[in-house]
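Have a look at the structure below, then the notes.
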Amino acid sequence: MRSLPNIIVTGTPGVGKTTTITQLLSLAQEEPQPLHLKHLSINDIVKDRQAHTGYDEELQTLIVDEEKLMDEVEKEIEDGAGSGGWIIDWHSTDGFAVRWVDLVVVLRCEETSVLFDRLSARGYKDAKVQENMDAEIFGVIAEEAKEGWGEDGSVVELQSIKVEDIEQNAASIYEWILNWVKDQKDKPTAT
Ligand code: ADP
(Lines of atoms letter the chains of each structure in order from A and count residues from 1; the text may use other names and numbers.)
(Lines give C-alpha, C1' and ligand atoms only; values in the text may rest on other atoms or scores of the structure.)
Protein backbone atom coordinates (compact mmCIF):
# COMPACT_ATOMS: atom_id res chain seq x y z
CA MET A 1 0.00 0.00 0.00
CA ARG A 2 1.46 3.34 -1.04
CA SER A 3 1.65 6.15 1.50
CA LEU A 4 2.01 8.72 -1.30
CA PRO A 5 0.44 8.60 -4.75
CA ASN A 6 2.35 7.97 -7.97
CA ILE A 7 1.65 10.56 -10.64
CA ILE A 8 2.56 10.74 -14.31
CA VAL A 9 3.07 14.28 -15.57
CA THR A 10 2.82 13.89 -19.32
CA GLY A 11 2.29 15.93 -22.46
CA THR A 12 3.94 16.80 -25.75
CA PRO A 13 7.64 17.72 -25.49
CA GLY A 14 8.00 21.37 -24.54
CA VAL A 15 4.71 21.71 -22.62
CA GLY A 16 6.58 22.16 -19.34
CA LYS A 17 6.65 18.75 -17.65
CA THR A 18 10.15 19.02 -16.16
CA THR A 19 9.69 22.66 -15.15
CA THR A 20 6.38 21.90 -13.44
CA ILE A 21 7.77 18.85 -11.62
CA THR A 22 10.77 20.85 -10.38
CA GLN A 23 8.36 23.45 -9.01
CA LEU A 24 6.18 20.76 -7.42
CA LEU A 25 9.15 19.14 -5.68
CA SER A 26 10.37 22.44 -4.29
CA LEU A 27 6.85 23.22 -3.07
CA ALA A 28 6.77 19.87 -1.26
CA GLN A 29 10.15 20.64 0.35
CA GLU A 30 9.06 24.03 1.65
CA GLU A 31 6.34 22.54 3.85
CA PRO A 32 6.94 22.18 7.60
CA GLN A 33 6.52 18.43 7.08
CA PRO A 34 8.02 17.93 3.62
CA LEU A 35 6.50 15.22 1.46
CA HIS A 36 9.08 12.87 0.02
CA LEU A 37 8.28 13.23 -3.68
CA LYS A 38 10.76 11.83 -6.20
CA HIS A 39 11.25 12.87 -9.82
CA LEU A 40 11.38 9.86 -12.15
CA SER A 41 12.76 11.14 -15.45
CA ILE A 42 12.01 8.47 -18.04
CA ASN A 43 14.38 10.24 -20.43
CA ASP A 44 17.22 9.51 -18.00
CA ILE A 45 16.16 5.89 -17.61
CA VAL A 46 16.08 5.41 -21.40
CA LYS A 47 19.59 6.84 -21.66
CA ASP A 48 21.28 5.57 -18.50
CA ARG A 49 19.93 2.03 -18.55
CA GLN A 50 20.22 1.50 -22.29
CA ALA A 51 16.48 1.09 -22.78
CA HIS A 52 16.81 1.90 -26.47
CA THR A 53 17.52 0.08 -29.71
CA GLY A 54 18.94 2.89 -31.85
CA TYR A 55 18.57 6.52 -32.89
CA ASP A 56 16.01 8.02 -35.27
CA GLU A 57 17.94 10.73 -37.15
CA GLU A 58 14.83 12.28 -38.68
CA LEU A 59 13.02 12.68 -35.36
CA GLN A 60 16.26 13.27 -33.41
CA THR A 61 15.28 10.76 -30.78
CA LEU A 62 16.34 7.46 -29.28
CA ILE A 63 14.18 4.51 -30.35
CA VAL A 64 12.81 3.23 -27.06
CA ASP A 65 12.91 -0.45 -26.13
CA GLU A 66 9.57 -0.38 -24.36
CA GLU A 67 9.85 -3.78 -22.71
CA LYS A 68 13.23 -2.98 -21.18
CA LEU A 69 12.04 0.48 -20.22
CA MET A 70 8.98 -0.80 -18.37
CA ASP A 71 11.11 -3.44 -16.58
CA GLU A 72 13.36 -0.64 -15.35
CA VAL A 73 10.41 1.55 -14.34
CA GLU A 74 8.86 -1.33 -12.42
CA LYS A 75 12.15 -1.88 -10.57
CA GLU A 76 12.10 1.77 -9.49
CA ILE A 77 8.51 2.02 -8.41
CA GLU A 78 8.29 -1.59 -7.20
CA ASP A 79 4.90 -2.22 -8.71
CA GLY A 80 2.24 -2.03 -5.95
CA ALA A 81 4.68 -2.75 -3.13
CA GLY A 82 6.53 0.56 -3.19
CA SER A 83 5.87 3.49 -0.90
CA GLY A 84 4.85 5.78 -3.78
CA GLY A 85 5.65 9.46 -4.21
CA TRP A 86 7.01 9.03 -7.74
CA ILE A 87 6.39 11.92 -10.08
CA ILE A 88 6.95 10.38 -13.48
CA ASP A 89 8.11 12.67 -16.29
CA TRP A 90 7.44 11.29 -19.77
CA HIS A 91 5.79 12.29 -23.02
CA SER A 92 3.58 9.21 -23.07
CA THR A 93 1.56 6.96 -20.79
CA ASP A 94 1.99 4.00 -23.11
CA GLY A 95 3.19 0.84 -21.40
CA PHE A 96 2.54 1.99 -17.80
CA ALA A 97 0.34 -0.36 -15.80
CA VAL A 98 -2.81 1.46 -14.66
CA ARG A 99 -2.29 0.15 -11.10
CA TRP A 100 1.10 1.90 -10.84
CA VAL A 101 -0.36 5.35 -11.25
CA ASP A 102 -2.96 7.24 -9.19
CA LEU A 103 -3.17 10.39 -11.27
CA VAL A 104 -2.24 11.35 -14.83
CA VAL A 105 -1.63 15.06 -15.35
CA VAL A 106 -1.60 16.02 -19.03
CA LEU A 107 -0.03 19.43 -19.53
CA ARG A 108 -1.39 21.24 -22.59
CA CYS A 109 -0.06 24.09 -24.67
CA GLU A 110 -2.64 24.59 -27.37
CA GLU A 111 -1.28 28.03 -28.23
CA THR A 112 0.70 26.59 -31.10
CA SER A 113 2.89 29.65 -31.62
CA VAL A 114 4.08 29.36 -28.00
CA LEU A 115 4.83 25.65 -28.37
CA PHE A 116 6.52 26.28 -31.72
CA ASP A 117 8.89 28.77 -30.10
CA ARG A 118 9.74 26.38 -27.24
CA LEU A 119 10.45 23.48 -29.60
CA SER A 120 12.46 25.62 -32.02
CA ALA A 121 14.51 26.98 -29.13
CA ARG A 122 15.63 23.40 -28.49
CA GLY A 123 17.08 23.22 -31.97
CA TYR A 124 14.63 20.57 -33.14
CA LYS A 125 14.45 19.98 -36.89
CA ASP A 126 11.28 20.94 -38.78
CA ALA A 127 10.03 17.33 -38.91
CA LYS A 128 10.29 16.97 -35.16
CA VAL A 129 8.70 20.35 -34.45
CA GLN A 130 5.84 19.48 -36.82
CA GLU A 131 5.29 16.00 -35.36
CA ASN A 132 5.03 17.43 -31.87
CA MET A 133 2.80 20.33 -32.91
CA ASP A 134 0.40 17.88 -34.61
CA ALA A 135 0.34 15.65 -31.53
CA GLU A 136 -0.54 18.67 -29.37
CA ILE A 137 -3.24 19.99 -31.71
CA PHE A 138 -4.95 16.59 -31.84
CA GLY A 139 -4.60 16.00 -28.10
CA VAL A 140 -3.03 12.60 -28.75
CA ILE A 141 -1.51 12.15 -25.30
CA ALA A 142 -4.68 13.16 -23.42
CA GLU A 143 -6.70 10.66 -25.49
CA GLU A 144 -4.18 7.91 -24.84
CA ALA A 145 -4.30 8.63 -21.09
CA LYS A 146 -8.11 8.56 -20.97
CA GLU A 147 -8.12 5.22 -22.78
CA GLY A 148 -5.91 3.80 -20.04
CA TRP A 149 -7.24 5.47 -16.89
CA GLY A 150 -10.83 6.27 -17.90
CA GLU A 151 -12.69 9.55 -17.61
CA ASP A 152 -13.46 9.39 -13.89
CA GLY A 153 -11.05 12.05 -12.66
CA SER A 154 -7.79 10.10 -12.75
CA VAL A 155 -6.75 12.11 -15.82
CA VAL A 156 -6.59 15.89 -15.59
CA GLU A 157 -5.58 18.34 -18.30
CA LEU A 158 -3.90 21.58 -17.23
CA GLN A 159 -2.95 24.48 -19.48
CA SER A 160 0.76 25.34 -19.48
CA ILE A 161 1.02 28.45 -21.62
CA LYS A 162 1.96 31.37 -19.40
CA VAL A 163 4.73 31.53 -16.80
CA GLU A 164 2.13 31.83 -14.01
CA ASP A 165 0.68 28.48 -15.10
CA ILE A 166 3.79 26.68 -13.87
CA GLU A 167 3.30 27.75 -10.27
CA GLN A 168 -0.45 27.32 -10.41
CA ASN A 169 -0.25 23.82 -11.91
CA ALA A 170 2.38 22.72 -9.39
CA ALA A 171 0.17 24.06 -6.59
CA SER A 172 -2.92 22.22 -7.82
CA ILE A 173 -1.05 18.93 -8.19
CA TYR A 174 0.32 19.44 -4.67
CA GLU A 175 -3.18 20.09 -3.35
CA TRP A 176 -4.39 16.90 -5.05
CA ILE A 177 -1.59 14.94 -3.33
CA LEU A 178 -2.52 16.33 0.09
CA ASN A 179 -6.14 15.34 -0.47
CA TRP A 180 -5.09 11.87 -1.60
CA VAL A 181 -3.05 11.42 1.58
CA LYS A 182 -5.94 12.64 3.72
CA ASP A 183 -8.40 10.30 1.97
CA GLN A 184 -6.09 7.34 2.59
CA LYS A 185 -5.89 8.20 6.30
CA ASP A 186 -9.66 8.57 6.54
CA LYS A 187 -10.33 5.23 4.88
CA PRO A 188 -11.51 2.57 7.30
CA THR A 189 -8.86 -0.14 7.59
CA ALA A 190 -9.83 -3.65 6.53
CA THR A 191 -10.20 -6.11 9.38
P1 ADP B 1 9.01 19.32 -21.19
O2 ADP B 1 9.63 18.71 -19.96
O3 ADP B 1 7.54 19.12 -21.25
O4 ADP B 1 9.67 18.91 -22.47
P5 ADP B 1 10.19 21.76 -20.18
O6 ADP B 1 9.76 21.78 -18.77
O7 ADP B 1 11.59 21.30 -20.46
O8 ADP B 1 9.20 20.90 -21.08
O9 ADP B 1 9.96 23.21 -20.77
C10 ADP B 1 10.40 23.57 -22.07
C11 ADP B 1 10.70 25.07 -22.10
O12 ADP B 1 9.49 25.80 -22.02
C13 ADP B 1 11.56 25.56 -20.94
O14 ADP B 1 12.42 26.56 -21.41
C15 ADP B 1 10.55 26.12 -19.96
O16 ADP B 1 11.11 27.14 -19.17
C17 ADP B 1 9.47 26.66 -20.88
N18 ADP B 1 8.12 26.56 -20.30
C19 ADP B 1 7.49 25.45 -19.92
N20 ADP B 1 6.26 25.71 -19.45
C21 ADP B 1 6.11 27.03 -19.52
C22 ADP B 1 5.04 27.93 -19.18
N23 ADP B 1 3.86 27.51 -18.67
N24 ADP B 1 5.24 29.24 -19.41
C25 ADP B 1 6.40 29.71 -19.94
N26 ADP B 1 7.44 28.91 -20.29
C27 ADP B 1 7.31 27.60 -20.07
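Note: Cβ is positioned from N, Cα and C throughout, glycine not excepted.
Bear in mind that TrEMBL entries carry predicted annotations, made automatically and left uncurated.
For reference, TrEMBL has these:
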- Gly14, Gly16, Lys17, Thr18, Thr19, Arg122, Lys162: ATP binding site (BINDING)
- 41-64: region 'NMPbind' (REGION)
- 121-131: region 'LID' (REGION)
Chain residues outside the region 'NMPbind' (41-64) and at least six past its termini with a C-beta under 8 angstroms from it: 18, 72-73, 76, 88-90, 124-125, 127-128, 131
Nonlocal residues around Gly14 (ATP binding site), in sequence order (Cβ under 8 Å, 6 or more apart): Cys109, Leu115, Arg118, Leu119, Arg122, Asn132
Greatest C-beta neighbour count within 10 angstroms, which of the binding-site residues Lys17, Lys162: Lys17
Residues of the region 'NMPbind' (41-64) by DSSP state, where helix covers H, G and I: 7 helix, 10 strand, 7 coil
Around the Cβ of Thr18 (ATP binding site), the count of other Cβ atoms that are within 10 Å: 14
For the binding-site residues Gly16, Thr19, Arg122, the one whose C-beta sees the most other C-beta atoms within 10 angstroms: Gly16
Averaged pLDDT, computed only over the residues in the region 'NMPbind' (41-64): 94
